[in-house]
Ligand SMILES: NC(=O)CC[C@H](N)C(=O)O
């Protein structure tokens, strides 16, 4: 059956319906990773987004439980050049297209994804949809117009855990409290396998309750939506920062930066993929990193600013477009990175950051 992608500016791409039947709207974004399609689809940060895969062939190695980044698919749909349903790869438990279908997620294949990506690179990420061929274009336009813009959208509330949950470490490492704005399993694994215990709280939990848990440190995790819509979390972070070490990844980086008084803004088409070079300006070291974000922190790479939380240094820079990819607070033990050290999916260059976080939390624990 044929189907089509329509963007809010009227641009249309035709293809063939795969996965579940039906139509869906969201923000159309693209990712350049050559593998990790299942991790991306189940990453809560992709909520309400339609992922265009620039890699030419998706589904080659099927899907499996161990590649899940959460308990379900969060992306709204998949846009592909070619897609296969192989389930005979070692480790495959199901075919990619059967899995999309079983989970009610529409996809489209046979799309000229190069043209689509070039269009988004020029015109910016925008709302759009995947529609069955029988949906009139006028109706498709109306459905796209009804989709809220990503700017100003609080999606952390939609994906956060319902009640506090503990993931016990494989050892007696520090106790870390994480505010769940959209955590990934690879982050949980990286802490627990290093002996740390992670206690995850709903993102709406008041600061007093988080402080009452009395952990060795707080962790701010990734998540979907606009960081500027999450002032209730930013206020909590300001309170937490006066007490214990705080580290953050991606949305967590954006929220910690906002707590320090920095602004965030929407990037034209975001950074999504597995090969983004990031330089730590303190050491000159460059890591190839996994990325998945549409917003960024504003500021000059290397700059030290006076913030409400003391001095803050903008320590990391993305070498593709010079945007900020990490900050360190100089007067309190806190810092964050915009990229994904958990590497799910992506390169392992930055895994050592988890050792750094844990060492700091351990030090804080020993001091108290
Ligand atoms: N992976 C993330 O945490 C994404 C953060 C934020 N939603 C953005 O798009 O920039």
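Residue numbers in this text run from 1 along the chain shown.
Every residue gets a Cβ built from N, Cα and C, even glycine.
Database features (TrEMBL):
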| type | residues | note |
| --- | --- | --- |
| REGION | 1-174 | region 'CPSase' |
| DOMAIN | 1-131 | domain 'Carbamoyl-phosphate synthase small subunit N-terminal' |
| BINDING | 45, 223, 225, 251, 254, 292, 294, 295 | L-glutamine binding site |
| ACT_SITE | 250 | active site, nucleophile |
| ACT_SITE | 340 | active site |
| ACT_SITE | 342 | active site |
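Overlay of TrEMBL feature records on the structure.
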| residue | record | contacts (Cβ under 8 Å, 6+ apart) |
| --- | --- | --- |
| 45 | L-glutamine binding site | 74, 182, 184, 222, 223, 224, 250, 251, 292, 293 |
| 225 | L-glutamine binding site | 47, 48, 150, 153, 154, 155, 156, 251 |
| 254 | L-glutamine binding site | 227, 248, 264, 293, 295, 296, 297, 338 |
| 294 | L-glutamine binding site | 27, 29, 125, 150, 266, 267, 270 |
| 340 | active site | 222, 249, 250, 289, 290, 291, 292, 346, 350 |
| 342 | active site | 184, 186, 187, 189, 190, 249, 290, 351, 354 |
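According to its DSSP assignment, residue 251 (L-glutamine binding site) is helical.
A simple way to gauge crowding: the CB of residue 292 (L-glutamine binding site) has 29 other CB atoms within 10 angstroms, across all the protein chains here. Largest Cα-to-Cα span within the L-glutamine-binding set 45, 223, 225, 251, 254, 292, 294, 295: 13 Å. The Cβ of residue 295 (L-glutamine binding site) has 21 neighbouring Cβ atoms from other residues within 10 Å, across all protein chains displayed.
Checking the recorded positions 250, 294, 340, 342 for a CB within less than 6 Å of any atom of ligand 1 leaves 250, 294, listed in sequence order. In the three-state DSSP reading, residue 45 (L-glutamine binding site) counts as helix. Cβ contacts within 10 Å of the residue listed as 'active site, nucleophile', excluding its own Cβ and spanning all protein chains shown: 30. Residues in the domain 'Carbamoyl-phosphate synthase small subunit N-terminal' (1-131) partition by DSSP class (helix H, G, I; strand E, B; coil) as 30 helix, 46 strand, 55 coil.
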